Amino acid sequence: MTVEQKFGLFSAEIKEADPLAASEASQPKPCPPEVTPHYIWIDFLVQRFEIAKYCSSDQVEIFSSLLQRSMSLNIGRAKGSMNRHVAAIGPRFKLLTLGLSLLHADVVPNATIRNVLREKIYSTAFDYFSCPPKFPTQGEKRLREDISIMIKFWTAMFSDKKYLTASQLVPPADIGDLLEQLVEENTGSLSGPAKDFYQRGFDFFNKITNVSAVIKPYPKGDERKKACLSALSEVTVQPGCSLPSNPEAIVLDVDYKSGTPMQSAAKAPYLAKFKVKRCGVSELEKEGLRCRSDSEDECSTQEADGQKISWQAAIFKLGDDCRQKSYWGARMPTDRILRLPASQDMLALQIIDLFKNIFQLVGLDLFVFPYRVVATAPGCGVIECIPDCTSRDQLGRQTDFGMYDYFTRQYGDESTLAFQQARYNFIRSMAAYSLLLFLLQIKDRHNGNIMLDKKGHIIHIDFGFMFESSPGGNLGWEPDIKLTDEMVMIMGGKMEATPFKWFMEMCVQATWLCGEPGPYMDVVVSLVTIMLDTGLPCFRGQTIKLLKHRFSPNMTEREAANFIMKVIQSCFLSNRSRTYNMIQYYQNDIPY
């Protein structure tokens, strides 16, 4: 019945979102079938067969018929006889092992039935490997059981004197550079409301960005601040428009008092806040097409749903090369100011966003925040500000205590539920960013580039040094992972503490996920390879070779775990992290 009704093991596969193509309507998350009933049922069948093969030929015939109906000779078709999700691997191969046991017991007299059943068993086994590999979503106990089942199937298959090999070929992504041509073709084909929507959006954004050019001639200080507020007050909100850094929300209003010039005298970036209504890309397009540039009344952007309305901060900049310097502005109480956009930052954030989608897809409870950086033209761009965040640098300027003291004052002592939840958030974000710091070799990790949000997550920003570049003339002084004493204190104070063991366990899980046994290493390597010809300073000839080595390819699970554990141990309370913080304090007045 479960075969005909497509339940459990025989259910149709739910297509999971590709981490490389995640969208509002297609969020990456695991979609395993419910196979627990089949686990129980097949266990019963295995136990029953051990009795039936000695005493009941009728029951053996029923078993043979059941197996024949449950399996198929088809391999790799769009609709397989069984679900190919990794969560269904246990019951699938347990059923196949039962089939081999029936053949080996020599209780099926008909040779034709035996041969067909044997072929169906092998075809069903091959069929599982006809789809791209996936990372396990099962719990630890169930995963161990599934691995044990696979070993038993291999043993049974080996005794059957049949050898199966499978070649899994993942074709490279077909990536071309036809973007400019596509943009010209698309914009040239616009007319009517669509063209008005396009022109209205770019006109609004150009006016917002041009404030940077207006304030550039003014000296830093009160004069530039006044010029910024004056220029911002002349910007009128266009109906149905969005920010490039936040295309899922309609801009309702501008906080004309929020204009804040950054510290850079030459580039003149500034921060502004906008009231936005989050509605999704599809709804925004509908709203934009309903609006007319000469009539805001026709645009249905009523502020009916208060939960969808919020204030969003962003940084705008109009100037020349935006790659050479970092910009830090007046320290905001709720939103943090990030460095200006660059191709290198965008590459790092693309990879971080990819890992975020991968973590969601495989059900790994890790946290990263890939804030958006959009380069709109050479030297021009907009950056999404991280809400409800404070930098470790800002924390040091406002108070005289470290991160651990901040946690105890903010969330209570270690026995409180609030502290434990914040610590858990800290650990799962530390594990994710530690893996990324190691894989991408992200450097310049001073306290100005480390953030804490109100939930306890740690967030890294500013990726000006990565791969084969590092501060101080590429000295490579900093360790692979930043694990300072205050970070360790939050995670228990020592490596033997339970919270720190959680951290190491999460790092090991994430490392094994990203290594060669999973399908994701090639995706990251390909993404970096595409950028090699850009001339970014982080590429010095050995980037891909060293990146592949850090992924610990060709290692067993145990070897990969030992590999990342040694990295963590070598970075634990490293003096190089502390001395780098001291250097930043004396050179750039960044507290530590």
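Every residue gets a Cβ built from N, Cα and C, even glycine.
Residues annotated as domain 'PI3K/PI4K catalytic' in Swiss-Prot: 275-576.
According to Swiss-Prot, the feature region 'G-loop' maps to 281-287.
Per Swiss-Prot, region 'Catalytic loop' is recorded for 441-449, and the stated evidence type is sequence analysis. Mean predicted confidence for the region 'Catalytic loop' (441-449): the pLDDT average there is 85.
When Cβ-Cβ distances below 8 Å are used as the criterion, the region 'Activation loop' (460-484) is approached by residues 326, 336, 338-339, 342, 344-345, 347-349, 371, 386, 433-434, 436-438, 440-445, 448-451, 528, 537-543, 546-547, 567-568, 570-574, 576-581 of the same chain, each at least six residues removed from its ends. The region 'Activation loop' annotation in Swiss-Prot covers 460-484 and rests on sequence analysis.
With a cut-off of 8 Å between Cβ atoms, the residues of this chain six or more beyond the region 'Catalytic loop' (441-449) that come close are 328, 348, 391-393, 395-396, 460-471, 476, 478, 480, 482, 546, 550, 577, 580-581, 584, 588, 590-592.
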